[in-house]
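J.: Structure below; questions to follow.
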Amino acid sequence: MAEFPSKVSTRTSSPAQGVGASVSALRPDLGFVRSALGVLALLQLVLGLLVWALIADTPYHLYPAYGWVMFVAVFLWLVTIVFFIIYLFQLHMKLYMVPWPLVLLIFFVAATVLYITAFIACAAAVDLTSLRGSRPYNQRSAASFFACLVMIAYGVSAFFSFQAWRGVGSNAATSQMAGGYS
């Protein structure tokens, strides 16, 4: 019968080494920025910023329709920033238990529907709330135009997310490893 060795060498590490390793792993994935999902997210951020900045520069608080447009534009802009950061730093790979294609599909469909309502409310209220040719009229008209463009961008993202969720063009292993963007 073999005896248990009397001297055993062990190696320990400090918790600080583990923390440094995880922080250095947070590098931006520039491939995401060049992907269709990344380009669309940047487009949504820029156009969404234009929508709420144009409305915010007018006395929107006097008209409930513009309050709704501001809520939709700012809320979706902030959530899009969060998703952009999650994908840019590949945090979705660390949170593998979350079904990211389904989460993005639900978000983009909801964002498209909300921007449809915001676009209609903004466009319908322009003539009722401003004098034609005045600065608020021009700003609200431009906000309506950009709301339409960002609505289309969210709709295209919803289409791509639906394809990713369905697994069109790839298998489950490649879509998981590729991060879910093409």
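Just so you know, glycine gets a Cβ as well, placed from its N, Cα and C.
Here's the feature list from TrEMBL:
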- 32-166: domain 'MARVEL' (DOMAIN)
- 36-55: transmembrane segment (TRANSMEM)
- 67-89: transmembrane segment (TRANSMEM)
- 101-126: transmembrane segment (TRANSMEM)
- 142-162: transmembrane segment (TRANSMEM)
J.: Among 36-55, 67-89, 142-162, which stretch has the most Cβ pairs under 8 Å to the transmembrane segment (101-126)?
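T.: Stretch with the highest Cβ contact count: 142-162.
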J.: What are the helix, strand and coil residue counts for the domain 'MARVEL' (32-166) according to DSSP?
T.: 118 helix, 0 strand, 17 coil
J.: Could you tell me the mean pLDDT the prediction assigns to the domain 'MARVEL' (32-166)?
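T.: Reported value for the domain 'MARVEL' (32-166) is a mean pLDDT of 94.
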